[in-house]
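Read through the structure below, which is laid out as structure tokens, and then see the notes.
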Amino acid sequence: MAPRQSQTAKRNKTQNKTRENESEVFLDSAARNLLENQPKLAAKSKVKKLSKLQVKKQQAKIRLYGAKNGKEYREEQLSIPDLNKAIVPGVKAKRGKKGKKFVDDNDSLTLNRLVKSINDKYDQVNESKLEKSRRLEEIRELKRQEMERKEQMKKDKLDGKKDELRSKASVARAARRKNAKARKADEVDEGENTVPKKKKVSFA
């Protein structure tokens, strides 16, 4: 059993402890960020620097097997559909740039309209009202022609579809008639082949 300590010894032991008086500024992170000299603020890097031997090994592996693609993607970048989410049938989410429309190379109407409307803000600097009205009229005319062409294309597409359906229906109708005629011919042949039986009467 250890000998009992006196009160004086205990007091001396506690009084002789060294105490650090640290300012509250350093303890509070928000206040510490405002200091001019920020002591020990940068966190240590978790990535260890490779030794020369490890670097050599790594380079040899790359030469042998090729470098790995170290790019990592987050979930939101991969456009994975969310689980437990109702998917509306028939609605397909658009991808790519919005409002991007491609013009055919031989589409002179659209190209002319675009050229005239793009030059609009540069030409209006020094042009008279008459010139401006003439140019705007040209743009309107080109737009009208474009609309007419679109309507005509729609109409042609619809007519083509109608003709296709009509031709399909006529082919099906002809096939049905042919089958019906063949069936009738078979029935007639079967009727000719069967000889009618003679009636017999027996007396008891």
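Including glycine, each Cβ sits where the backbone N, Cα and C put it.
Residues or ranges marked as region 'Disordered' by Swiss-Prot: 1-24 (among others).
Under the heading coiled coil, Swiss-Prot lists 118-169, citing sequence analysis as support.
Here Swiss-Prot flags 142-204 (among others) as region 'Disordered'.
For the compositional bias 'Basic and acidic residues' (142-167), the list of distant contacts is 109-110, 112-113, 116: same-chain residues at least six beyond its ends, Cβ to Cβ under 8 Å. What Swiss-Prot records for 142-167 is compositional bias 'Basic and acidic residues'.
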Integer mean pLDDT for the coiled coil (118-169): 85
